[in-house]
Amino acid sequence: PFFVNRGGLPVDEPTWERMWRHVGRIHPEGDRVAQRIRGAADLPKIPIPSVPVFQPSTPIPERLEAVQRYIRELQYNHTGTQFFEIKKSRPLTGLMDLAKEMTKEALPIKCLEAVILGIYLTNNMTTLDRFPISFKTHFSGNYFRHIVLGVNFGGRYGALGISRREELMYKAPVFRTLSELIFDFEEAYRRCWHTLKKVKLGHCVSHDPHSVEQIEWKHSILDLDKLTREDFRKELERHARDMRLKIGKGTGPPSPTKDRKKDVSSPQRGQASPHRRNSRGDRRPSGEKKPADPKAMPDLNGYQIRV
């Protein structure tokens with residue numbers, strides 16, 4: 001049933017072809033099943049979740065709840081097929097185009113897609129700071145990865161996202177510090193018998209949907225095996241302080257857009273590129289080195305196995 005196009009909306013042929021091929025591989029009568037679904041005329045209409053629309057007077061916490069409800073209504077993608085290809089090295093404007101496509105197709109999503117969608121749906125909330133938070137955990141001899149969109153409004157931290165586990169997605173913006181938010185996720189993982197191994201924190205994402213800057217996914221990489229509990233807390237608060245300082249000082253001129261800079265895929269050297277770290281305060285506490293090439297393609301396979 002999950003292959004039925006919601007409301008009869010057109011979906012790009014490559015996406016559907018991947019799904020049919022997947023059915024053919026895992027089902028003993030996959031081809032015939034696919035043809036029956038394609039040719040059926042009496043399938044029920046599946047309701048399409050409505051993209052939330054807000055009045056100017058709607059408080060930010062209520063908007064975040066509505067965005068999370070929309071993400072939840074799309075449902076978690078249990079099919080084993082990735083419906084949307086997300087390259088983390090793409091500029092923000094390209095990722096926002098992909099998020100718009102997600103709202104049109106209304107297919108189930110996974111955690112990385114939920115982060116991109118969360119950024120897209122909160123772009124007009126200019127008083128809200130958004131930044132990616134990635135987790136690496138260990139359970140039963142295997143490692144698992146998960147990502148959410150951290151948010152900060154009025155000095156209170158929360159998160160948007162999707163997961164198989166209810167406690168590993170939405171967090172209302174009620175946490176006084178970033179460390180309180182991360183410790184809450186750690187406790188949620190503990191209840192799932194997972195041990196938190198690493199936390200990766202990005203910097204705040206631009207609210208300009210046409211920005212050609214890349215999202216900074218891994219400004220701080222915190223290895224819990226190499227940090228004491230107190231050091232872990234201090235590094236989390238240091239990252240929160242760095243984000244506040246970056247917002248307070250600004251990053252120089254406005255980020256380049258399609259209209260003003262069509263031939264550039266990343267910020268100019270003089271615009272405080274997020275991939276450069278000149279000061280000692282910006283170095284990662286875990287001792288890990290960042291790859292030399294900031295445009296290198298990230299490993300997305302890890303996001304296919306997550307809680």
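In case you wondered, yes, glycine gets a Cβ from its N, Cα and C as well.
No curator has checked TrEMBL annotations; they are predicted automatically.
The structure displayed is predicted, hence computed values, not measured ones.
Pulled from TrEMBL, these are the features on record:
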ACT_SITE  Cys111  active site
ACT_SITE  His146  active site
ACT_SITE  Ser163  active site
REGION    241-307  region 'Disordered'
COMPBIAS  279-293  compositional bias 'Basic and acidic residues'
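Shown here: features listed in TrEMBL, placed on the structure.
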{"residue": "Cys111", "record": "active site", "Cβ neighbours (10 Å)": "24"}
{"residue": "His146", "record": "active site", "Cβ neighbours (10 Å)": "27"}
{"residue": "Ser163", "record": "active site", "Cβ neighbours (10 Å)": "20"}
I need the CA-to-CA distance for His146 (active site) versus Ser163 (active site), whole Å please.
8
Ser163 (active site) to Cys111 (active site): how many Å between their Cα atoms?
6
